[in-house]
Every structure is written in C-alpha cells, then in structure tokens.
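Here's the structure we're looking at; comments come further down.
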Amino acid sequence: MVEFAFDIKHLFPQSIIRVQAHSLRPKVTQCRRYAQTERGKSTMTSCRLSEILNIMGKLSADAQGLCHAVTSADKLASDQVVYLMADKAAGHWEITGLLKVGTKDLFVFDQGGCYRRLNQTPAILDFYVHESRQRCGQGKLLFEWMLEKQGWSAHKCTVDRPSNKMLAFMAKHYGLVRTIPQGNNFVLYEGFFDDPITTCKSASGLQATGSGCRSRSQGHYVRQEQDQAQIKHGQANRNTVQNDANSGPFRQDQKIVVGTSIYRRRWKSPRTLARAGCREVSGGRRF
C-alpha cells in the first residue's frame, strides 16, 4: 500500500474514485478558499490528486520495467479517466490501485485480415495494483468497477502494451486468451468484431468487407475489389479497341491506323514507336 504525508480520507467518499483532467486544473478562485496546512502547503484537492497520480504512475512504471511513467497528472488527456482504489485495512486510508482508461482511434486488422479504422475504441492504458494487494481480488474489483462506469465489456477493450501479468489477468478472470495479431502495440482479443456494433469503416472510408485485406502468403495488402474493377475496366477497353479495329476498313494488322482513329492523334515520337513495336511509313521512308 502507498502512504502519503497528507490525509486522503476526504478524497475517497468511497473505496474507488474517478479522476479526470478537469479535476486536476484548479482555478484561481479555488486557491483562495483553501487554508494552509501547518507546513505552509496548499490543501487543494486537485494538488493532492495530482501528487497521487504522479506517485502511482511511477510505481506502475517500475513494476512493468518502463523507463517513463504512462500515468501522470500532466499527461492525463480530456478523454482519459483514472480510477483510484484505496482502503483502510491498516487503520487509515491508503492507495492500493490505479487503472487508466480512454478511447483511441486505431487502424487494426480483424480476424479475416481486413484493415479497419476504429474510432473511439475502448482502451486499457495503465493498470497497477500494489504488491500487497495482489491476488486478493482487488484488481478484479477495480476492473469490474471501471467496466460498469464506462459501460464497456472486457472482450471489447483493447490493451496498450500489456505486461505478462495483464495478459494473465485477462485470461484468468475473463477467459480472454487468443488475440488478433496487430501491427501496433495494442492487443485485441478474439470476439472483438463479433458484435455488429463494431462493424467499422476501412481506411479508404468504405465498408471493410473485402477491400483492404491482407495477403497472408505475400505479407502485404491486396486491394481485391479495386484490382477486380481495374481488370474489368481493362478488358472492356481492349474489347472496344478490337471491335473498332475489326469494324473499320482496316484490320488489326494495321495497328497505326487503329491507334490514330481511336486517340485522334498520330504517334510521332520515335521512342513511342519503338516502345509500341510499330513502324510508321511516311513519304515512302521508314523510320
């Protein structure tokens, strides 16, 4: 458990509280309302919450072996929420856990390999429970509280850079084991796309049914619908050329006449003639 130099009892009307960015930005008028402690420091709630977030974020980063903290008061965005857990098992209130969530706009692959764009996707950004409270049901209680308040379900959440403990937590409590391989640091579990609500648009703005699919054998993206459309368009153009050539007074063996009648211009560049494999006869001379 994490102890602080100040009393946190008044910060926790219940065991789990919800902290957002606007609650960490005090106004000047608020600063005048609070008295000074015996140490001469402000007793503002926002300042204390900021200190709690910074310390808990540092502990979470150390537990995961990260060089920089994921959670801090300065980094908390307007679309992110931090859930703090505390208890008074030792006779006074102490912080025991932190859970940071938010929404992300992601480009992901579904189970069929199709490339999709997901807007406002639920994301687990940071999760930490103090070592003295692990394997006691505290993490599950904090996670369930978050799901209820956010209106999310576990299999619809993406996880940013999950640790081995986080993966084991999701497998133990929610049976989420099999993941969908992605090209970024987020983990998606199978079943994420089963609900029709998650039918999203592809990167091109079209419904991601066949376009933007990934070729597993070649390792790159194949625009199937676009390729098929181009093939059909090319076949139609060739059929038009053949019909025009066969219906005129000259046959296909006189290619230069066909090309001139279709495009209404003559090929005068020698480089173009060489590329097309044609020879133009002008004034009885060959070029």
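In case you wondered, yes, glycine gets a Cβ from its N, Cα and C as well.
Residues or ranges marked as domain 'N-acetyltransferase' in Swiss-Prot (evidence: sequence analysis): 2-193. The site 'Crucial for catalytic activity' annotation in Swiss-Prot covers Gln64, and the record cites sequence analysis as its basis. Positions annotated as acetyl-CoA binding site by Swiss-Prot: 127-140, 163-172.
Here the features listed in Swiss-Prot are painted onto the structure.
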residue: Gln64; record: site 'Crucial for catalytic activity'; DSSP (3 states): helix
residue: Phe127; record: acetyl-CoA binding site; DSSP (3 states): strand
residue: Arg133; record: acetyl-CoA binding site; DSSP (3 states): helix
residue: Gly139; record: acetyl-CoA binding site; DSSP (3 states): helix
residue: Asn164; record: acetyl-CoA binding site; DSSP (3 states): helix
residue: Met170; record: acetyl-CoA binding site; DSSP (3 states): helix
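It is 10 Å from the Cα atom of Phe127 (acetyl-CoA binding site) to that of Gln64 (site 'Crucial for catalytic activity'). The recorded positions in question are Gln64, Asn164, and the one with the fewest Cβ neighbours inside 10 Å is Asn164.
Comparing the binding-site residues Leu167, Met170 on other C-beta atoms within 10 angstroms of each C-beta gives the minimum for Leu167.
The distance from the Cα of Gly139 (acetyl-CoA binding site) to the Cα of Gln64 (site 'Crucial for catalytic activity') comes to 16 Å. Cα-Cα distance from Leu167 (acetyl-CoA binding site) to Gln64 (site 'Crucial for catalytic activity'): 13 Å (rounded to the nearest whole number). Residue density at Phe127 (acetyl-CoA binding site): 27 other Cβ atoms are found within 10 A of its Cβ, drawing on all protein chains shown.
You'll find the Cα of Gln64 (site 'Crucial for catalytic activity') roughly 16 Å from the Cα of Arg133 (acetyl-CoA binding site).
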